[in-house]
Amino acid sequence: MIKPVPVITIDGPSGSGKGTVAALLAGKLGWNFLDSGALYRLLAFAARNHGVDLTNEEALKVLAEHLDVQFGAARDGHGMVIILEGEDVTEAIRNETVGAGASQVAALPVVRTALLQRQKAFREAPGLVADGRDMGTVVFPDAPLKIFLTASAEERARRRYLQLKARGDDVNLASLLEEIRERDERDTQRAVAPLKPAEDAIQLDSTTLSIEEVLQRILSEVADRDLAG
């Protein structure tokens with residue numbers, strides 16, 4: 001019997017560090033990487049570029065089915081590069097406006113259905129690290145290792161604040177905290193695929209942990225399950 005391509009899912013709320021950890025883990029293992037949250041950001045970004053309203057479900061469905069996107073390793077070996085329609089949009093899709101749009105389109109069942117098969121197609125040998133909000137519950141329910149990464153809203157706002165300040169953005173910590181709390185409420189209360197840990201997920205609170213500490217804990221779980229071969 002052919003063994004399925006192994007998948008490690010890392011789910012959690014915005015700012016929990018899941019994207020950074022997932023990219024580093026994929027690099028360490030030499031596996032493929034899926035930033036599913038980026039797909040929703042990419043859709044919101046592409047919708048704006050193509051003049052598609054975020055409430056136009058049919059137009060969003062068509063756009064989602066034809067998104068031309070690739071994930072690749074950054075040249076410095078840290079993180080990932082996201083290419084949309086031949087253009088590097090790694091930084092362009094990370095602002096709060098695009099993030100809010102991503103959360104809005106992610107709440108639409110027709111959009112989630114359109115992107116579901118696209119996400120599953122990233123499951124290729126030798127393995128896949130998938131980060132998002134419903135990777136372990138909806139997209140890859142058979143994944144042999146599921147992580148649910150959390151952190152306090154205050155810590156997540158602080159991390160985002162430092163990240164944006166380092167980029168030269170003019171940001172307000174209180175506003176970021178409010179936005180994160182609002183997004184948490186949207187993501188956990190939505191009717192389709194709400195943000196929640198899978199029943200068999202390992203829950204990690206990263207509030208007081210460094211990225212390296214989180215990574216090492218996950219690598220220990222990978223070794224225990226002999227997933228890396």
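Glycine too: its Cβ is placed from the backbone N, Cα and C atoms.
According to Swiss-Prot, the feature ATP binding site maps to Gly12, Pro13, Ser14, Gly15, Ser16, Gly17, Lys18, Gly19, Thr20, an assignment based on sequence analysis.
Listed binding-site residues: Ser14, Ser16. The one with the lowest count of other Cβ atoms within 10 Å of its Cβ is Ser14.
Taking the centroid of the Cβ atoms of Gly12, Pro13, Ser14, Gly15, Ser16, Gly17, Lys18, Gly19, Thr20 as the ATP site, the other same-chain residues with Cβ within 8 Å of it are Val21, Asp131, Leu149, Ala151, Arg156, Ser206. Sequence-distant neighbours of Gly12 (ATP binding site) (same chain, 6+ apart, CB under 8 A from its CB) are Lys18, Arg133, Ile147, Phe148, Leu149, Thr150, Leu195. Considering other CB atoms within 10 Å as the measure, the emptiest surroundings among the binding-site residues Lys18, Thr20 are those of Thr20.
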